[in-house]
Amino acid sequence: MANNIAKKASGGSMFHIGRMSTVDLGEETINTEEQDLVKLRPSEIPHNEKLLSLKYESLDYDNSENQLFLEEERRMSPMMSGNQSLVHLWPHRPPDRTHCLLHRRRGGVPGWKKYEAVKHYIDKFTEDGGLSVSLLLWAILNSAFVMVGAILVAFFEPIAAGSGIPQIKCYLNGVKIPRVVRLKTLLVKVCGVICSVAGGLAVGKEGPMIHSGAVVAAGVSQGRSTSLKKDFKIFEYFRRDTEKRDFVSAGAAAGVSAAFGAPVGGVLFSLEEGASFWNQMLTWRIFFASMISTFTLNFFMTIYKGKPGEFSNPGLINFGRFDSENVEYNLYEIPLFIVMGAIGGLLGALFNVLNYWLTIFRIRYLHRRCLQVMEAMLVAAVSAAVSFAMIYFSSDCQPFKKDSQEEYPLQLFCADGEYNAMATAFFNTPEKSVTSLFHSPPGTYNPPTLALFTLAYFLLAFWTYGLTVSAGVFIPSLLIGAAWGRLFGILLSLLFPSKNTIWADPGKYALMGAAAQLGGIVRMTLSLTVILVEATGNVTYGLPIMLVLMTAKIVGDYFIEGLYDVHIRLQSVPFLHSEAPATSHWLTAREVMSSPVTSFNKIEKVGTIVDVLSATSTNHNGFPVVVNSGTDNESGRLCGLILRSQLIVLLKHKVFVERMRSQQNRRRLQLKDFRDAYPRFPPIQSIHVSQDERECLMDLQEFMNPTPYTVPEETSLPRVFKLFRALGLRHLMVVDDVNRVIGLVTRKDLARYHMGKHGLEEMDLAHA
Amino acid sequence: MRSLNGVLCLLFSLSLMLDQISIRASDASGDEERTASDFQENIFFPSLSLSMSEEQEITKYCLDLMHEYGRTYSSLASCLVSSARPVKVCQNCYGRNNSFQEVFANISTGMGPGNMSCEEVLFRSDRLMLLINLYNYLEDVWTVSECLNCLSKDRGSVSNTTLYFLDLHNQSLSCFEKYKQGNYSKLCVDCRPSYKVLNDFYSKMSNNNSLCIDIEDAMNMTRHLWSTTYKCSLQREENVPVIAVSSFMLFLPLIFYLSNYLHSEQKKRKLMHPRRVKSSHSLKNSQEKYS
């Protein structure tokens, strides 16, 4: 019999007497319930950002200390502690091997093949006429590449769209994003990125790199692949959400460090963007993983470049080193950098606002897959057309230099022996263009070229982000920023001519502009500073970059939050920020919690359990286990918490009291059986329970978590929030003075409060 | 630093050319001083000291080499300077460079009587290390000019490719000369074939990495004449089709978005209303929403 006691709202007030002021754990008995969505009054509204989707669940970060766990710990304790940390260290290597392979394909083949072909045609048609043909050719080539990528993403794995950083951020926040760390996602992501980069979209491959790092780490840590149905029988102890999440944060760090050659930046990225839970051991492991990642990448790059053993390629993108003599800065330049930071913040906010509106439109109107593919193709075609038109009408010709970095110089209508500067910026992979903007000597680009380029690329980039293709936003932002930063530097030197070479070196201002723009869009400060310092190999610029990023963040936050947060909000993810919303102290657990709660007795009928689990209206995951105090209308006292996944495993193995009695020699269920089912527990529908078995009883005592976290009903929202953040909770029981469960707080109950324009606002729950 | 060094070297070589005799005289006197100091040093390292006569014999041999060095150096330097504009250093000076290199090789690796090398004595005996620095500078010039690309394998002559290029180059120039007086448009039409052959051949050489400064400079000058002086570069003639195609492409997404806005069904979300404890404290706006 489930204690499905609908506790009336008015009944709550009687528990005010003698409320407890401390969190009490582990007291037995009391009746409990679970968040229930019974009063269905479905109304439909268009998608907006003030929704929480029901499809997202929490990760079980909190360890269930049931009897099985204690037994296993007793058995394992001597060998576990040492073994685990050792094993924890080495699996991080494979991610990086993959990165290297990816890069080879990404950077290499599609890039030059396409540019070479297009360059050939443009050269030919410039002379003979028919340049519009080459424009069409370029557009069609781009669209074809992008079509392949978009079809892959839209039809096979929609979660692989975008940069993947928002998803990883959510995962590390404790939200289980479905399918985000699957092998299939990785494959689609990799192929998708190759296609979108080859398709000439205004995208980068660094975000996807971070995502794939996380996927590889998560996959490797499990020692098996469910998709490939292969179990290597290793790392079985990592088959828990807790361990997997640590691995994902290490994988993301390894991804950053491989992408930018910034191991410390990777660690800080994990810290800033991801892990809510942080301790020395985890930090050290992540750091180790990042370093190994850089090393491995470096090693394979040396082989790729034919010089094995000469380590000189720490990252996939190389911004070149700022280490000539004119890279210092003067004290009086610091205010200029801060101004640039402010500009970056403004432009970043503009970018985010535009992208926000566009994304809402996309979610509302472009939800059919073929439409998404079509949109991506259109963007690719327009990108090509815009680039072409700008190159065509640009009259910025620069003479060849012996050591110029242009791989595909286009002459077009320039005099012989000169090349089109606009073409250098467009007709190149974005990474190369960034490097060129950073390091080309002064005078390589004309101001009008840069201004036009910034404008065009800005529009293309905000239009592109959020398409159904795998693509990151790091490099496009850097490129936009580098372009206007360089422009800024050139204008400065025109306004205040000076013989001093340190003053207004355009490369330096390009770097600052890139930092400002990226900071204005993604609003990272700590990690981005270190990443940029490491990627450019210059510590001198640490302080200016930090100031620029800080200013950009402050200015940008005044208007709108960061791009990743915008997208998290638009996906209706119940994301817990680091702090509870301000002015929410007057809200108590009573008002926040869901009530009444569905709960089970310690010894419960199988039929009841199956019914509760398969009810479509209750997709709850945690069920309080209670001891009935006798009278039927009272809820029982809390004695534990059992998870849906545990119940399913129990049902699958038919751990019924009657059976245990009849078969004495039957093997007892171990923790291993739960781990083997992880992470894809079968749905309740797939478990067959016969009519006879429905009458059996199940003893939950052994399997439930006997000491779940509880709070008294008068606890304030910020206090509950802190518990959730710090402990990574999934369920928090609200109990009265005699330990009876009166409600249950989950992530969605907390995440729905946010600061809106008119003070504290509440978000609605919605079906996906 | 390097450029300063270079200027000094050039100055020095010029002065070398102007009066070699006086330099020889001063060289000789300097040499004597040096040997004297050498001798003094060797007192402190008796095991290394040599007998007086042997020392002088070696010095004589090395001295000869040094004079040879001075002669070839100055001849190479004067050749370089006189072929500086228009650049013809590779064609004109490769022979002198060869003999200079030969002398240098003799000094650095050759063995004199008594199986002693002059390298130590001539190149590394003092702080100035003049001879080696002079050599390094000329070697730099030679490397930067990439003359080796234009010479035959044994460096004894100009390569056939280069000769062919120079031939083409002359053809183009004479064509320019022929039509220079009249309208440039006629020049552009009539000289285009020969110019194009030249340009294509240059591109081919550039791909084969067989360019040297002579060829690059000749080509640059020709291109400059062609593009800037005679204004024969291509003009934008296809503005209309390019604009048409581009704007057509820009137009497509507009249609796409508009049609989707008008015809696509807007995605709706089904709201769920979670059951909560009703309380007097609860948010006002949430109550409004649910009522």
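Glycine is no exception: its Cβ is also placed from the backbone N, Cα and C atoms.
The transmembrane segment feature in TrEMBL is assigned to A:135-156, A:247-270, A:282-304, A:334-358, A:370-393, A:449-467, A:473-497, A:509-533, A:539-560. Per TrEMBL, domain 'CBS' is recorded for A:704-762.
Most Cβ pairs under 8 Å with the transmembrane segment (A:370-393) belong to A:135-156, among the candidate stretches A:135-156, A:247-270, A:282-304, A:449-467, A:509-533. The stretches the transmembrane segment (A:539-560) and the transmembrane segment (A:334-358) are in mutual contact, each linked to the other by at least three Cβ pairs under 8 Å (pairs 6 or more apart in sequence).
Cβ atoms under 8 Å from those of the transmembrane segment (A:247-270) belong to residues 91-92, 95-96, 99-100, 168, 171-172, 181, 205-206, 209-218, 220-221, 238, 282-283, 285-287, 289-294, 296-297, 313-318, 524, 526-528, 530-535 of the same chain, restricted to positions at least 6 beyond its ends. Three or more CB pairs closer than 8 A are found between the transmembrane segment (A:509-533) and the transmembrane segment (A:334-358), so contact between the two stretches is assigned (pairs 6 or more residues apart).
Predicted-model confidence for the domain 'CBS' (A:704-762) is 88, expressed as mean pLDDT.
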